[in-house]
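A quick write-up on the structure given underneath.
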Amino acid sequence: GCVCMAQGKGCVGEAKWEGCVGKAKGEGCVGKARGRDVWVSHKPGQRLGRLAISVEWEKGQCECVCVGFTVSKSRDQGGMIHYEHLACPLFKSYSVCVFSDVDECVLDLHDCQPSQQCVNTVGTYSCQCPDGYSNIGIECVDIDECRYRYCQHRCVNVPGSFSCECEPGFQLAGNNRSCVDVNECEMGAPCQQKCYNTYGTFLCRCEPGYELGPDGHSCNDVDECSYSSYMCQFQCVNDPGRFSCICPEGYQLQGTRLCQDVNECETDIDQCGEGQTCINIHGGYQCTDSNRCREPYVLTRALLSDNRCVCPVIKPECRDLPFSIVHRYMSITSERSVPSDIFQIQATRVYPGVYNTFRIRSGDHNGEFYIRQMNNFSAVLVLDRAVTGPKEYTLDLEMVSVNPLISYQTSSALRLSVFVGPYTF
């Protein structure tokens, strides 16, 4: 700026002079100062500071003070103030401050290597390396920042810098160095059913009744029915994600897997007519005549509920027949384990001196059954061979009673209808 050294009005003012740097000898810059055109010549590499204008008056003198710059004298050339590189005048003049430093970097007057950067300073210059490089001798060598372990996971060195990368399942944090877990489940992980985020990865899981496919993402239905033939007592039906058990006609599901026989006789499902009795068997029912007595037997009315038929002694044909026949019914499952006790026979009365013998009178054509006598008044019918239903046996079981002291012998029979169900349950 201008500083007044004596009395007078002092400095007229100053103007900014910007952006003018000499390129070669003889070039100059044109600007405006106090309304007049100003041309300034300067040496190559010089740059102009602020244009300071001072006026010397009769009673005083103003001096242009240019810190870091030299002061040039002006002279008038055809209406244009022409500044030359002279000493600061002691008379009325216009003065300009001209920066006297030469920019060696702009004029290519330096000896920096291609890998270095030229930095101009007052009176000289310096050769520096860009960020990410280290000065080794006269060359700039890339700094391997990765050896300092700036990155949490992986470091990739690049010329002049480095970058951090994360392992799969992670992403860079805001500092571009640390790695944070990626929640793949919130970012559309390819799990078909359930997704669980874990550190650095994720896991797919399936609903009950499904299993994870080979790709680790999809869920395939589990065919529980193929696991074992014992999944259901009768038949297993596979459904998506589950299975169910069904039972054959005449049975109902007990729980989720077992089949229980339906007692049609108790639920009024049977179609038995009048004069018939409903007999429940495994998987169904049978309708039998309420009066099953056949000649020469007659029904004992007093024992109607006992289904007892009596052969009257007055009939000659009853002499060689059992005195009475009682009708009984039972049902067994198919393929029942053998030997198996299936029915017990017992004398209703025991007389002193009488010996009882139990036998199968008829109906056991293939030897599937036999009698095992327990004592003088009871025996057990044994199934000796496995039988497959549906099948029906009618067995006449006889008890022969003998009193040798009085030469007395009589017999009574039990007509047992054995129904073998179609299934093993």
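Using N, Cα and C of the backbone, Cβ positions are placed for all residues, glycine too.
Taken from TrEMBL, the feature disulfide bond covers C185-C195. When Cβ atoms from all protein chains are considered, those within 10 Å of C195 (disulfide bond) total 18, not counting its own.
Annotation comment: TrEMBL describes 101-141 (among others) as domain 'EGF-like'.
Residues 130-134, 199-202 of the same chain lie 6 or more positions beyond the ends of the domain 'EGF-like' (142-180) yet place their CB under 8 Å from a CB of it. If you look up TrEMBL, you'll see 142-180 (among others) marked as domain 'EGF-like'.
Annotation comment: TrEMBL describes 181-220 (among others) as domain 'EGF-like'. Taken through DSSP, the domain 'EGF-like' (181-220) splits into 4 helix, 16 strand, 20 coil.
According to DSSP, the secondary structure content of the domain 'EGF-like' (221-260) in residues is 3 helix, 18 strand, 19 coil. Feature annotation from TrEMBL assigns domain 'EGF-like' to 221-260 (among others).
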Restricting to the chain of C185 (disulfide bond) and a gap of 6 or more, list residues whose Cβ falls under 8 Å of its Cβ, or answer none. C191, C195, Y196, N197, F202
Same-chain residues at least 6 beyond the ends of the domain 'EGF-like' (181-220) with a Cβ under 8 Å from one of its Cβ atoms are 167-171, 240-243
What is the pLDDT of the domain 'EGF-like' (142-180) when averaged and given as a whole number? 95
